There are 2 protein chains.
Amino acid sequence: MNIPKGYRFAAARAAFKYEGKLDLGAIVSDTPAVAAGVFTTNKFQAAPVLQCKEMLADGRKISAIMGNSGQANACTGEEGRANCRETLNLAARALGVPADEILPASTGVIGAQFNMAKWEAVMPSLAESLGDDPELTAKAIMTTDTVHKLAEASFELKGGEVRLIGMCKGAGMISPNMATMLSFIACDADVSAEAWQTMLSDCVNLTINRVTVDGDMSTNDCVLALSNGRSGVAIESEDDYILLRKHLLSVLEELAYKIVMDAEGGTKVAFIEVSGAKTDADAELVARAVGNSPLVKTALFGSDPNWGRIICAAGYSGANFRAEDLVLKIGGVLVFRNGTPEPGDMDDLLAPIMAKRDIVIHLDVGDGPGSTMLLASDLTKEYISINADYRS
Amino acid sequence: MNIPKGYRFAAARAAFKYEGKLDLGAIVSDTPAVAAGVFTTNKFQAAPVLQCKEMLADGRKISAIMGNSGQANACTGEEGRANCRETLNLAARALGVPADEILPASTGVIGAQFNMAKWEAVMPSLAESLGDDPELTAKAIMTTDTVHKLAEASFELKGGEVRLIGMCKGAGMISPNMATMLSFIACDADVSAEAWQTMLSDCVNLTINRVTVDGDMSTNDCVLALSNGRSGVAIESEDDYILLRKHLLSVLEELAYKIVMDAEGGTKVAFIEVSGAKTDADAELVARAVGNSPLVKTALFGSDPNWGRIICAAGYSGANFRAEDLVLKIGGVLVFRNGTPEPGDMDDLLAPIMAKRDIVIHLDVGDGPGSTMLLASDLTKEYISINADYRS
């Protein structure tokens with residue numbers, strides 16, 4: 001990979017939950033970096049989420065991100081907050097950066113308290129592992145993911161090359177805003193904190209906030225992004241800004257697709273496009289209802305062109321549109337309009353489309369300006385197995 | 001069963017979808033009956049739903065209900081409406097009642113048009129089957145139900161005995177308002193149309209509108225209720241009204257429980273109680289989020305006391321409450337309060353509770369007057385099998 005300058009990566013085995021799996025990772029910037037974050041809107045926010053929000057509120061620079069899998073440190077009260085701060089002290093000593101410049105992130109089982117002895121014991125090997133391989137860090141934050149997820153981008157400005165990499169973990173408890181999901185971005189541009197936060201929020205909203213696996217929004221979701229300026233390339237003009245934003249967007253788009261592609265037990269990716277709605281919010285209601293419908297998702301899994309379930313979900317979405325205006329296309333094939341199915345053997349036409357991995361479902365619901373796009377996974381027996389047995 | 005006076009029941013095999021299964025049923029009242037109905041709020045309403053609403057709007061008396069399984073006659077446009085009316089003409093000739101006194105109901109695959117030749121062919125055997133056995137009619141409306149669902153009640157007034165029976169089909173596409181679900185009630189009280197409709201709407205709202213299997217609300221949901229006065233017992237005083245309402249409620253409660261107990265692939269029934277909310281609507285948001293969460297539902301299936309998922313769902317429900325006020329009890333055991341898990345080995349305490357079929361989950365979210373109760377099924381591999389292969 002084309003690694004941005006001034007970053008090192010670490011990963012270690014703490015055995016927080018399972019033996020023999022990397023479960024603690026870190027990204028260290030040799031130069032304190034401008035930092036931005038986007039967080040879950042769940043009312044119950046995990047200790048590391050609260051910690052990050054507090055730290056980012058004062059605009060300080062950040063030298064490291066540390067993420068663990070296996071334990072979420074959510075719904076753990078004051079003890080959880082204190083444990084979170086103590087892990088930063090331990091990491092500060094091991095990694096040689098100030099504790100108040102380390103952003104924490106956790107994912108895993110909700111409600112259990114950290115085993116602090118394990119945190120203390122793992123720190124030397126975390127520090128020793130520091131190197132130039134982001135893949136191991138991406139692996140350390142995996143829970144039920146079957147593959148680690150990385151994306152990269154780079155571009156030239158007159159001052160030189162700017163590089164970005166992103167990593168994330170996804171799998172389950174994904175949606176309706178963001179995913180159960182930790183996502184870390186490292187960039188070496190010299191950009192202002194305000195501009196970096198604005199473009200991160202925008203890009204997350206267009207990508208990771210538009211995926212749904214199971215409609216569950218976790219207590220721990222966060223996207224953390226650093227930019228350390230080590231490329232020596234300053235983002236100054238409007239054009240520079242647009243170019244950096246474009247590449248940040250492409251990194252997040254790739255991560256979002258990878259999350260849905262590797263959804264727990266998932267075998268399909270549905271691109272649910274809604275247009276013609278009165279407002280974007282109405283379009284969103286339709287897309288979420290279709291993308292979260294267990295009946296639509298099981299039909300996707302079964303490659304069953306059972307389009308009535310899509311119409312049905314749009315009908316109970318609560319969106320403001322007229323039933324007779326809805327036009328449904330699947331994979332470009334016109335299926336339903338004017339309240340009536342198109343004539344012909346739709347099953348024959350749709351069977352090869354439904355058999356594919358990526359399926360485009362387009363709902364036009366009127367002549368309004370509102371639109372959206374949502375990536376949705378299917379719902380499979382494997383999802384049930386994973387989640388019925390997750391803790392055992 | 002204690003059958004209300006003046007009703008006969010019919011069932012026949014039309015082979016609308018499968019061979020060898022009863023798929024057309026009827027309830028005929030020898031005396032035109034006061035009728036009431038409650039219908040899906042889905043924007044796409046099936047032809048029979050539109051037909052019933054039109055017929056009930058003018059307060060006419062009704063002589064029969066006819067229901068078929070296998071085909072929903074939903075999303076079928078004008079042709080579907082015309083076909084629906086034609087089935088009433090066919091039934092009128094066969095059953096000897098006026099076509100404009102027959103309420104139709106359909107359930108099954110959305111989008112396909114009726115095969116009218118099959119409707120015509122089946123009518124003689126439907127008429128021949130007329131008798132006093134409601135069980136066969138209850139079987140005829142089953143789709144993926146594994147058992148037919150009947151409930152009965154009776155009570156004495158000074159004028160004599162009043163009898164009610166109810167039947168329904170449930171299984172999948174259940175919620176958020178009503179269920180994919182046809183439910184027919186027959187009663188022999190002499191009651192006014194207004195009182196009958198009011199008590200039906202109230203009772204449905206307290207029972208069948210409070211179950212969720214998969215969060216999908218169908219295009220065909222309806223509860224149709226007849227009361228033909230043949231007991232000779234008039235409902236006149238406030239006390240009479242309260243007594244009839246109480247027994248109607250008990251019939252609907254039993255049907256609602258049976259729907260969740262026989263949810264597609266279901267193995268558990270969760271009683272999700274929410275109290276202390278600012279409003280009933282807030283309580284409802286919490287209960288629906290918990291009851292529809294795939295992660296909560298898979299934990300139920302796995303008998304896994306993974307209570308963090310319940311808190312998490314409450315947290316993203318959108319309900320207005322303070323996180324620190326939430327108190328969670330499962331099967332009476334205090335699990336979480338003040339933002340902190342209770343001390344002790346919760347898994348040990350909860351394991352025997354989670355192993356049961358019926359599980360009570362109580363969330364108290366403050367000191368407000370809002371409360372609700374919701375019956376929710378679990379989510380299982382069998383649900384996926386049923387719905388991925390439903391049409392094949």
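Note that Cβ sites are derived from N, Cα and C of the backbone, with glycine treated the same way.
Residues or ranges marked as active site, nucleophile by TrEMBL: B:Thr180.
Per TrEMBL, substrate binding site is recorded for B:Thr143, B:Lys169, B:Thr180, B:Glu264, B:Asn387, B:Ser392. B:Asn387 (substrate binding site) carries a helical DSSP state (H, G or I).
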DSSP secondary structure for B:Lys169 (substrate binding site), reduced to helix/strand/coil, please. strand
CB-CB under 8 A to chain A: among binding-site residues B:Thr143, B:Lys169, B:Glu264, B:Asn387, passing residues in order are B:Asn387
B:Lys169 (substrate binding site) has its Cβ surrounded, within 10 angstroms, by a count of other Cβ atoms equal to 28
Find, for the listed binding-site residues B:Thr143, B:Asn387, the residue with the lowest Cβ contact count at a 10 Å cut-off, counting only other Cβ atoms. B:Thr143
